[in-house]
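Chemist: One structure follows; several queries about it will come next.
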Amino acid sequence: MYGRDPWGGALEINATDSATDDDRSRNLQDFDRAALSRNLDETQQSWLLGPTEKKKKKYVDLGCIIVSRKVFKWTLGCIIAAALIAGFVTLIVKTLPKHRHRSPPPDNYTLALRKALMFFNAQRSGKLPKHNNVSWRGSSGMQDGKSDDSTMFKNLVGGYYDAGDAIKFNFPQSFALTMLSWSVIEYSAKYEAAGELSHVKDIIKWGTDYLLKTFNSSADTIDRIVAQVGKGDTSGGPDPNDHYCWVRPEDIDYPRPVTECHSCSDLAAEMAAALASASIVFKDNKVYSQKLVHGARTLFKFSREQRGRYSNGNEAAIFYNSTSYWDEFVWGASWLYYATGNTSYLQLATTPGIAKRAGAFWGGPDYGVLSWDNKLTGSQVLLSRLRLFLSPGYPYEDILSTFHNQTSIIMCSFLPYFSSFNRTKGGLIQLNHGRPQPLQYVVNAAFLATLYSDYLAAADTPGWYCGPNFYSTDVLREFAQTQINYILGKNPRKMSYVVGFGNRYPKRVHHRGASIPKNKVKYNCKGGWKWRDSSKNNPNTLVGAMVAGPDKNDGFHDVRTNYNYTEPTLAGNAGLVAALVALSGDKSVGIDKNTIFSAVPPMFPTPPPPPAAWKP
């Protein structure tokens, strides 16, 4: 039996194969060509060739990790390429011209604000800092205190000259510092936006440093304070004094007397208000702030214990006569409450008897007019703020609601729809009823109107009522704008009453330092009269000075000897600065709601007394 091939052939080759070796050779060659004419897969190749030898991969040892050399090269290359691209892009960005977003140009109020602050630089007494930026001013008053043997205060260098002369009146100076501090507390963000925050704080500190020298600020109890440095004799006598002599402050060589007072409630309480408000401005400087608070406490205690008007029977009555000290009690106590959080000051400020004596419950022609003499209106606005945002309730609510209602009435009196005050044909409100030097009262009203409108806005109140009529807060701001715009040049004379602002402004300001050239010539008292009486423009520009202002007919005389038109004052310029910063910049910025309350503890209404014990 023969074995068979499963595919149909014999197993023995020789059995049926008669082909020769040559034939087999040709057949194998044909088979090889047929096999190679088609591609072989890996399995077939492995049958024919056997297992292939795999290529060894190369690695890189990086210490903490071992990676393929190929991966390492790719990664390194990508990093280098990315670094080159980033450097190229950075180079292009830096070399291309930059298109920065331009901030909008400052408004007129901001421009005027920067100039108005410069006036205080020109009024500085003492050794001036290098950055004072008033080229025609130099150090002066370096012997203040030392030249008067009758006073115990020997270092009275510093502070500010009041107006066009070289007298330092503490009463209006303190009011000016209080107004400046108030404006910083409410509108520090706007000062910052105008680039003037550090400047105005420097101005305030220059004044408060001086006030601390005018009494024993380290003591808890005092018996005297300085009211004035310099003399303003108006009798026309030949003795050299700060009124008779027309000389630059730097050239003063005559003795300057010091006026002390021992019963001056109004002056002491106003000085206390200045130091207390400034302590809030400098609250980040704890040592200085506490020094100011201590001085304010001491002054206010003195004002309550030594009753009397500071201007009673002395020279101050001619220049800055105080009509009452009750309004300063409310004003000083209000600021001390905000500075300390001590409710005893709030209780005093809200005592109905004191408010009545200050004139809160009767009208009068000057009711609602804030000035260096009458601070009642400022106190009412200041305490209305407390009710709007903290609402302390009993036992303060009664008088606080009264002050709030009175503030609303005062704001109504500023509006043109009411006849409380006349207006000139040009639109200037006559808060002093046609008397000279009107602008100092106008700027204070403009500040209070803007501030109160911002109070209402911050309290989410759209307006207030004047009788049955409801008025939007925008109306108050419009009033303030029309008045300040008048002062800045929108008036019948097309003249700015702020020196250096606009194209047309007073050139013969009643001011000794500005009217005498800095030419190394020292004039004696009468020698300077030729500059006083000259019809030429001042050789030095008193930048930022707001003059006294026009008359009730919008008339103005640019005459140096007529101080009722051309003399600027510290108190007037402080109100101008406050009004300008309140109106400046973006309206949406508003007030700083919280800073003024930084020392005030949480307020809880006084609980009612417990019921009587139960008896069966």
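Backbone N, Cα and C define each Cβ position, glycine as well.
From TrEMBL, here are the annotated features:
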ACT_SITE  HIS510  active site
ACT_SITE  ASP558  active site
ACT_SITE  GLU567  active site
DOMAIN    109-580  domain 'Glycoside hydrolase family 9'
TRANSMEM  71-93  transmembrane segment
Chemist: Count the Cβ atoms, other than its own, that fall within 10 Å of the Cβ of GLU567 (active site), considering every protein chain shown.
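Modeler: I get 21 for this one.
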Chemist: To the nearest whole angstrom, what is the C-alpha distance linking GLU567 (active site) and HIS510 (active site)?
Modeler: 5
Chemist: Fewest other C-beta atoms within 10 angstroms of its own C-beta: which of the active-site residues HIS510, ASP558 fits that?
Modeler: ASP558
Chemist: Could you tell me the C-alpha distance between ASP558 (active site) and HIS510 (active site) in angstrom, no decimals?
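Modeler: On Cα coordinates alone, these residues lie 9 Å apart.
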Chemist: Can you check how the pLDDT averages out over the domain 'Glycoside hydrolase family 9' (109-580)?
Modeler: 96
